[in-house]
Amino acid sequence: MKLSSICVTFLIIGCVIAEDVFMINDEINMTANLNTEKTYFQIHISMPTDHYVGIGFGEDMFNVPMVVADGITPPSDETPIIHDCFSIGHKLPVDNTENVYNLIEHELEENQWSLTFERPIKLEREGRDETMDITKPMIMVYGFRDEAYKFHGKGNRGLFNMTIDPSTGKAYFNGGIPDGNIYFKVHGILMYIGWSIMTFISIVSGRYMKHYYNFRMIIHASVGLLIAVNTVVVIIFALTKYGSPDSSARVAHKPIGIAIMVVSVVQCLGGMTVKQVAGSNSVLSIWGKRSKIVHQVVGYLLIILSNLQVATGLVNYESPVTNLIYLHFAVFVLMLGILEGIYRYKFQYKKKGVIKKMGVPEYSEFEFNEMLNDGQKLVLFNNFIIDVDSFQDQHPGTAYVISENIGKDIGKYLYGAYSMSPDIAPYTHSNYAANLLEKLIIGKIKPILTKTKRGNGINLSGTKEAESLLSSKNITTHQSEILNPLQTQDYTFIIKEKEKIAPGLARVMFQSLDANVKKFYPGLKLSGKSWSITSLQNFVSRYYTICNCMGSQIYDEYIKAITCTVNEEKYDRKYKSLEEYRTTNDDTLQVIMKYYPQSKTGISSQVFNNVEGDEYYIHGPVGNGIGLDQWNSEGINLFFCGGTGILPFMDLFAFMARRILSEDAPSNALFPDEDFYHLSEKAKFVVYAYFTTREDAICLEILEAIENLYKKFNKGHIFKMNLIFTQEGGSKLEDDELVELLKDYKFANNGINKLFVCGPPRMNYQFQRLLPQLKGEEIGLAPGDIDIL
């Protein structure tokens, strides 16, 4: 009586919503009751002929007894089959060996079956207790389909409450719960958040926030970790909760989900590896670049696969929000498209690599070198001083590329003219990179001033001693003047003339539309520096070495003066004084250029295939220069160069020729009034110049003339030229041979003072690869003693 009273009370309280008919949908409904003896539970179902309806005795369809009224398997005019099933795990229900259900009534009317079947209330079989506790409210599950016997999606499955009145045996239904299993919903929501919302943040932080490099890396790494953790937790929970699918429509969902979980973890660890490689100071950029590309490609593929997994999950579960996910994908792609458009528009190549940051402090080259000596991580670009300390680890080509170029000019890399490894194609940096670079600028190199002393010839060379001497009251200098107007602004030039001087090599004469250009600069201040030339046709920029000795007005004079001296003949001097030549300004600037036919859009291609009226910006001098003077040249100065790599050193060699003429054959001096400051008396210069053949050799005539000049005065030990023609019996040094050679020089005379390298990428890369040995105990070169141009 007590139990009956409780149940009646429950029914009275819930009578507002409790019904004796449960409407599954407009075509399917059910009622239930106990038989008179209250030993059987009877179910009455009304359903279309082409449906099946399943009822589960539990709060979900997993590991519960079920009954299925199957109106699909038999023909529509035959009695439906009543399946006595048990749902094992996440698989389709399996028919029990013994069917305990009795079909009591069945009636067909207008394609609608009315079925009554029953099962025992008390039931134990196959080690399971399937007895119904009719004294308590029960949570039941339903599912239906109008097609083949398969998994029930969210739209055709759900829960409902059932309570049996113990006095009448009639069942009352307390509404349906169409949401079905809440775990499916949570699973889908978390996967959606992880692989749609969070991946969008990951893409934005990875690609479109590069100018916030530290902040965006924190976001990118954090979001990546959250995605991986979220994926692992959600998928492991799903596997634990639901087991293995058996439905053909869902067989692929599990392995793909597992694959996404594994790859997401690997991708997260891979991101950490990429960051580690990028921050390494000892890994060549090829590994950093490749690891980054792999990380990006895998990331995008993972995003696509995971979003397809979310979509197929919604489709398989027949979620009512399935159509919304397609809308989401469209918005997702649209937003990325808009961001990409803004990204490309804002940072397109308007004027590649040219930075115009005004109002920054100016420093002399000496002050710049002092900052380097103090440990600051600085590089140069178009004479701007850039602090790369905070950016070094974020550089896409690894920190190695930055660390190996501290103190150097990075223009050739930024312009896409050069790569540190022969296995990596040069990369032309965008205005995005230029904008980022601008944020790192801390100053600018002061324009070069021409200051020379009358008498013993002190030249402003950028060293502490030189600056001190020049500021002394005992030193009389010419009035300071900016060495070249091209240092302070860009001027527009057109091509006036081209003159072939070697196979594939020409002397190009640029004519200025609005500036005069000096033809000669005394001393070594410009030796090794470059002109920055930008095409106004496609805004491609390149550096070209300043090589004044190869100018058309002076080159023949070098050859004549040196040849006459070697042959002990009198040189008929063209210029009576240095001032006559150096003050002869006109509107032409001469540049030595090599033609690279494989580069269809490069400067050389445009110059050699010049269209009348093509214009170019020219700026300079830029770069570090050779940096040798009387205070830092003692010892052996080694030069390894190949092809056009000889050009950065030619003005140094020409300076040495003019100096020996002035000292040992003053009557044949190129300029009788030129003042010289002396390189160290213990300075020696050894050159290894590699060319394919004598015919292709660059500057060969003047190089051999200078060597003969030194031999003439028994000073061949000061300047020695080693010419190697690789297609005429000469061979390049292997790594071990090169190391042994440098060891020999280390112990010769005063040892190695500086090592200069400038050649094709493979030559430079060979020395780059050998840096650990060059800096090791056996050779003992300091980082500042090695200059790979």
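Glycine is no exception: its Cβ is also placed from the backbone N, Cα and C atoms.
The domain 'Cytochrome b561' feature in TrEMBL is assigned to 154-352.
The DSSP breakdown of the domain 'Cytochrome b5 heme-binding' (360-446) into helical (H, G, I), extended (E, B) and coil residues amounts to 30 helix, 16 strand, 41 coil. According to TrEMBL, the domain 'Cytochrome b5 heme-binding' annotation covers 360-446.
According to TrEMBL, the feature signal peptide maps to 1-18.
The transmembrane segment annotation in TrEMBL covers 189-206 (among others).
Residues annotated as transmembrane segment in TrEMBL: 218-239 (among others).
Residues annotated as transmembrane segment in TrEMBL: 251-272 (among others). Within its own chain, the transmembrane segment (251-272) has Cβ neighbours under 8 Å at 220-221, 224-225, 227-228, 231-232, 235-236, 238-239, 244-245, 291, 294-295, 298-299, 302, 305-306, 309, 312-313, 316, counting only residues six or more beyond its boundaries.
Per TrEMBL, the feature transmembrane segment maps to 293-312 (among others).
As annotated by TrEMBL, transmembrane segment applies to 324-343 (among others).
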Long-range Cβ neighbours of the transmembrane segment (218-239) (under 8 Å; 6 or more residues past either end): 183, 187, 190-191, 193-195, 198-199, 201-202, 205-206, 209, 254, 257-258, 260-261, 264-265, 267-268, 271-272, 275, 306
Let me know the model's mean pLDDT on the domain 'Cytochrome b5 heme-binding' (360-446). 82
Other than its close neighbours in sequence, what residues sit by the transmembrane segment (324-343), given a CB gap under 8 Å and a spacing of at least six beyond its ends? 192, 196, 200, 203-204, 207-208, 307, 310-311, 314, 432
For the transmembrane segment (293-312), distant same-chain residues with Cβ under 8 A (at least six beyond the ends): 188, 191-192, 194-196, 199, 202-203, 206, 231, 252-253, 256-257, 259-260, 263-264, 267, 270-271, 274, 322, 325-326, 329, 332
